[in-house]
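Undergrad: One structure coming up, written as structure tokens, with questions to follow.
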Amino acid sequence: MSQWFNQFYAAIAQSPLSHWLETLPAQLKHWQLEASHGDLPQWQKVLKNLPEVKTQHVDITSQVKIGTPGEMTDGEQKQTLHLLKRMMPWRKGPFSVHGIEIDTEWRSDWKWDRLLPHIEPLKGRTVLDIGCGSGYHLWRMRGEGAQFVVGIDPSDLFLCQFQAIKHFNPDENVHLLPLGVEALPELKAFDTVFSMGVLYHRRSPIDFLAQLKAQLRPGGELVLETLVIEGDENTVLVPTDRYAKMRNVWFIPSTAALKLWMERVGFKNVQIKDCAITTLDEQRKTAWMENESLVDFLDPNDTSKTIEGYPAPLRAILTAKA
């Protein structure tokens, strides 16, 4: 596991991110000590048992397709399928790994297709994805020509799922670090920062937006995707307890309110690029995610509402400049 992080340290040592090395190694060492008491050791065993295969065919431009069935023996493919299944649930994807189709809960490729026409080209950029899950979008960012891609997410499982994919496509310019946003110093070095599906989980959304801005170089672009509701700049939903069965949802603003928040913390040229209702085809139970999904979170008699009676999930994409 240390080699994952050592590779990252070496990659940033001579870059505008080098000052991150003042704090990052100690943070990750602390994480390793904490994580060793949970499920991480069993997932590390899964990773160690993945077969060594020379991957020749990779497509991360139109999808995340790593390898073809012919590059593995039948035995290796069965072994890989068994091991990847042990890392369930798989939430963000889909992935194709040497003919194994990982049909994830979310069709994250649909979100990517919605936002891609609206963002600045990623070619040659240094990119950060905050709350990146198991890293599906990291690969798509790299596929668009980003020079260096970093994702952060505090989940041990997401880290190991990412490393399982990277095992078959060992790209030294795509990395995932098991950190929350609160662990980031003011790096002010990224050309583009993505935050998708995180804002409503933060108790202080204004502080969170300021943290996002602090990661961008002057003139860099924020791509923000989050839950919103209909209304004017004074409209914000604060659930009394749960929203769509989630306890950790704190603030769901209207797009107008969110735009105002972003401007208050200093973002410029804030633009609302897309609004889309989350459909039952985009988020659903699959053979790779057998727990409850969106259909279980909505009112069975009126899918325009959550099971608690709030408006059903509506997701917006906004862009802004630091």
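Placed from the backbone N, Cα and C atoms, the Cβ positions cover glycine too.
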Undergrad: Out of Gly75, Gly131, Gly219, Gly220, which one does Swiss-Prot list together with Lys92, Trp106, Lys111, Asp153, Pro154, Ser155, Val181, Glu182, Met196, Tyr200, Arg315 for carboxy-S-adenosyl-L-methionine?
TA: Gly131
Undergrad: Within 10 Å of each Cβ, count the other Cβ atoms and name the one among the binding-site residues Asp153, Glu182 with the highest count.
TA: Asp153
Undergrad: Provide the three-state secondary structure of Lys111 (carboxy-S-adenosyl-L-methionine binding site) computed with DSSP.
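TA: DSSP assigns Lys111 (carboxy-S-adenosyl-L-methionine binding site) to helix.
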Undergrad: Quick one: what's DSSP say for Lys92 (carboxy-S-adenosyl-L-methionine binding site), helix, strand or coil?
TA: strand
Undergrad: Where among the binding-site residues Lys92, Lys111, Ser155, Tyr200 do you find the Cβ with the fewest other Cβ atoms within 10 Å?
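TA: Each of the binding-site residues Lys92, Lys111, Ser155, Tyr200 was scored; lowest Cβ tally within 10 Å is Ser155.
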Undergrad: For Glu182 (carboxy-S-adenosyl-L-methionine binding site), just give me the three-state DSSP call.
TA: helix
